[in-house]
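Structure record follows, encoded as structure tokens.
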Amino acid sequence: MPTTLWSSRFVFIMAAVGSAVGLGNIWKFPYITGENGGGAFVLVYLACIAIIGLPLMMSEVMLGRRGRKSPIGTMAAVANDEGRSKQWVGVGIMATLAAFIILSFYSVIAGWTMPYILSALKGEFSDISADNSGALFGQLLASPGQLLVWHSAFMVMTVLVSAGGVRHGLERAVTKLMPALFVLLLILVGYASTTGHFAQTLTFLFKPDFTALTAEGVLTALGHAFFTLSLASGAMMAYGAYLPQHVSIARTAVVVAIMDTGVALLAGLAIFPIVFANGLAAGEGPGLIFVTLPVAFGQMPGGGFFATLFFVLLLFAAWTSSISMLESLVSYLNEKGISRVKAAIGGGIAAWLLGITTVLSLNVWSEVTPLAMFSRFESKTLFDLYDYLTANIMMPLGALFIALFVGWKMQATHSRTELGAWHKVWFPIVRYLTPLALLTVFAFNIWGLAGLEAAWHWLTASGQG
Ligand code: PHE
């Protein structure tokens, strides 16, 4: 048993929401939605959250609470409990690795918020044009030195909390900051609704146009469902390990998923009206909010103040997420007898080093595309590849194995004790629907529609045989 448990269900919810709500919701969701044509993508994403993400979150929290160890330790312990192969520990290892890779580039992006806080304080956004805002962002990306400074600062922040033990630092921070972020987003949406492009935004986000959706878009939506809920990365397993036994896992997971999705949708509602009103491109890419929002703040009364507040809150949201990424590794090293302080510093330095390659891929190495021999990765830089590898490959794969484990390898009586009445709904979903949905997306992505048909024939044929 770990020595400290969360002090209440509320605190766990806040920590899990802190982990879930981050750059994924406010930075990534709007830009990938823009890149993938809006409505249909959003619909697939919501479906992925509901039928794959949510049941998986319950599974991970449950595994964490049963194992009461680091994700690696938990997978080993639970597999052992169930009399299953030691190989299942691989799920924990892959999750820990995914979290580590994510942390390396997440820290670089989170670092962007800091120069934006300074610019906001200096009033640099007041009446800024879309062109100038784009140029400002371009200057930041073009400077490896600046990016490195902010990346380093953010990593230090992450290591500091992680070294002190997640509970103390985190509990206080999330309970105040998360609600503040929510309110600020509402204010932004309120402002965005006055731009005259709100109706267009509603159409863009909620009227599905399936011709705009590609197979890769579906995989991106799926991957993002994991990323945004902090799944298949050990974070929820690690936090589940500190969850008191009496708390309802299912109800808690539902609350976390709703809050997370709510924040993402609010971010979309806040950003796209401004994008449309200023003639910016929805498919702008990773810079979307950093180019768009300053324009909005620049026109708003009290914009300097709101801009400062917004980027500060975004920084905190990213911070409460990055801490949970490092937790998988730190809790594992801690089990191996390395002190939390040393583990956090060591892990932080390693992720910081890897992060430097992301810094460089935004400028000096922007033409370096290591996997250009594959058409799908033709124009992908190192940063793009880290993102792709984690969200589109490691996480869906990890998720598949977790679903298979809880659905087929774990005794149903065990999961029933953990999940109570919800077990009835959850079990058939993770046993059949989740793996099938995941395999479908994989097949679709690798072989296209023809592959899907082939897989269907294979399935129906083996069903008869
Ligand atoms: N969920 C976080 C976000 O949306 C990212 C994250 C991924 C956190 C994996 C922990 C683990 O920003």
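For all residues, glycine too, the Cβ spot is worked out from N, Cα and C.
Given the structure is predicted, the values throughout are model-derived calculations rather than measurements.
According to TrEMBL, the transmembrane segment annotation covers 38-58, 88-109, 147-166, 178-199, 219-242, 254-276, 296-320, 341-365, 385-408, 429-450.
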Could you pull out which residues elsewhere in the chain have a CB under 8 Å from any CB of the transmembrane segment (38-58), counting only those six or more residues past its ends? 29, 32, 203-210, 212-213, 217-218, 220-222, 224-226, 228-229, 231-232, 236, 249-250, 253-254, 256-257, 260-261, 268, 282, 399, 402-403, 419, 422, 426, 429-430, 433-434, 437-438
Under 8 Å between C-beta atoms and at least six residues away from its ends: which parts of the chain pack against the transmembrane segment (178-199)? 14, 17-18, 21, 26, 262-263, 266-267, 269-274, 276-277, 293, 296, 300, 306, 309-310, 313-314, 316-317, 320
Pairs of Cβ atoms less than 8 Å apart decide it: which stretch in 147-166, 219-242, 341-365, 385-408 has the most with the transmembrane segment (296-320)? 147-166
Best-contacting stretch, by C-beta pairs under 8 Å, relative to the transmembrane segment (429-450) and drawn from 88-109, 219-242, 341-365, 385-408: 385-408
Any chance the transmembrane segment (147-166) and the transmembrane segment (385-408) have 3 or more Cβ pairs under 8 A, given the pairs are 6 or more apart in sequence? no
The recorded stretch from 88-109, 341-365, 385-408 sharing the largest number of CB pairs under 8 A with the transmembrane segment (219-242) is 385-408
